[in-house]
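One structure is given here, and the rest of the page talks about it.
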Amino acid sequence: MSVKKMADLDLTGKRLFIRADLNVPVKEGKITSDARIRATIPTLKLALQKGAKVMVTSHLGRPTEGVFEEANSLQPVVDYLNASDLGVPVRLVRDYLDGVEVNQNEIVVLENVRINKGEKKNDAELAKKYAALCDIFVMDAFGTAHRAECSTYGIAEFAPIACAGPLLAAELEALGKALKEPQRPMLAIVGGSKVSTKLTVLDSLSKIADQLIVGGGIANIFIAAEGHNVGKSLYEADLIPEAKRLASTTHIPVPVDVRVGTEFSETATATEKLVSEVTADESIFDIGDKSAEELAHIIKSAKTIFWNGPVGVFEFANFRKGTEIISNAIAEATANGAFSIAGGGDTLAAIDLFGIADKISYISTGGGAFLEFVEGKVLPAVEILEKRANS
C-alpha cells in the first residue's frame, strides 16, 4: 500500500486532524468497552511526542445529523482520556467548523462528526471546513475505512497533506501479510450465524486458503448439505447448493459430532452426539469434542491463520468448549511461529473471554471494513490516501 504514514512525517507545530475510531459502547454515561480508545492512545502519544497540535474526532452511535444529544457526545471519551496516562489536558469542542484554537501539549477532541449535516453524504463544503482546520489529515479509523464520508474521505481530498495513522498502517500491513503473501499452509476459519452475510468472504478465502474451517450457523449448512438432519438449528436451506459448490473446490472439514440443546438459553442442557443423531426438536449450538480436536490438529499445522467468527454459542458456558479448543489451538500455533490475524466483534469477545489477546499476532479493529478488505473490495478511505500520496 503506497500511502503516506504519519510516523514518517515532520509534525512539529503542525495542526493534526486525526480521524480515529472512538465509537465505544456507552451505558448511562460510562464506557463499557474501552478497546478502541486503548488502541488509539499510542497514536495520540506519538503525535504529541512529534510536537503536533492535536485534534482528534470520531463518530459515536447513530445521531440524527444536525441534532446534538448528550447520549451521542464524545464527553465520556474525553473523561477517559483525561484519566489516562497521556500527560496532557484533553478538552471537548462542540462548535469547531469555523475554526478552533489548539495548542501543543493538549488534545482537542472535536465533537461527534455524525452530528454535522452532510457528514455521511460526504458533502464537499463540510469536507472543506474540516480540511481548513488542519495542516495534516490523519486517517486512523480502519473500522470506517469502507465508508466514503466527510471525515474519512472528503477531508482527505482537500487537506494539504493526507496520511495513514499507525493503527491504519498496521492494519493494512497485517491484512496484506495474511491475504496477499501468506506463508503456507494458510488456514481460514469463518464462523458466525449467517452464511449469506459471509458468502463473498468464504468465496474469496476459498481462492487464497489451503484449508477452510467453518463454524456456527455456517457449519450447519455444510452439515445439512451432507444430508444430515439439523433439527431446529439456525441455517439457510436455500444456500445448500452454494455450500456444495464451495466444498467441491476447497477442503472443508464438516463436524462429525456436535453439542445440541432444545432451547436457546444459558441454562439449556448440552448433549453431545454424532451429527447423524440430531433429532427434529434439537438445535446445534457447538461442535463436539472429536470435531474440535480434529480442527485443533489442522490449526496447529498452519503457518498463516485468518480467524473470523466463533464455532459455537460461546456466550453460553455449556456451548463454549468448541470455540475454547479452537482459540487455544490458534494461540499455540502462533507461539510456534504461525502468523494469526483475528477480526469481528464476536471473535474479539471470544479472545477476551479465553484470555488469548497477547497470543494472537494481530487483532483487527475493523468489522465491516475487515470483511470488505477480505472480499477484495476497494476501501474508499484507503483509495483516497493512495491517490493523495501519488499526486
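Backbone N, Cα and C atoms are what each Cβ position is placed from, and that goes for glycine too.
Here is what Swiss-Prot says about this protein:
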{"type": "BINDING", "residues": "ASP21, LEU22, ASN23, ARG36, HIS59, LEU60, GLY61, ARG62, ARG114, ARG147", "note": "substrate binding site"}
{"type": "BINDING", "residues": "LYS198, GLU315, GLY344, GLY345, ASP346, THR347", "note": "ATP binding site"}
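Ranked by Cβ neighbours within 10 A across all protein chains shown, the binding-site residues ASN23, THR347 are led by THR347. Sequence-distant contacts of ARG114 (substrate binding site), defined as residues of its own chain at least six apart whose C-beta falls under 8 angstroms from its C-beta, comprise HIS59, LEU60, GLY61, ARG62, PRO63, GLU65, ASN72, LYS120. Put plainly, the binding-site residues GLY61, GLY344, GLY345 were compared by Cβ crowding within 10 Å, and the winner is GLY344. In this structure, the binding-site residues ASP21, GLU315, ASP346 were compared by how many other Cβ atoms lie within 10 Å of their Cβ, and the smallest count belongs to GLU315.
Under the three-state DSSP scheme, LYS198 (ATP binding site) falls in the helix class. Considering only the binding-site residues GLU315, GLY345, ASP346, THR347, the residue whose Cα is spatially closest to the Cα of ASN23 (substrate binding site) is GLY345.
For ASP21 (substrate binding site), the nearest of the binding-site residues by C-alpha distance turns out to be GLY345; the candidates were LYS198, GLU315, GLY345, ASP346, THR347.
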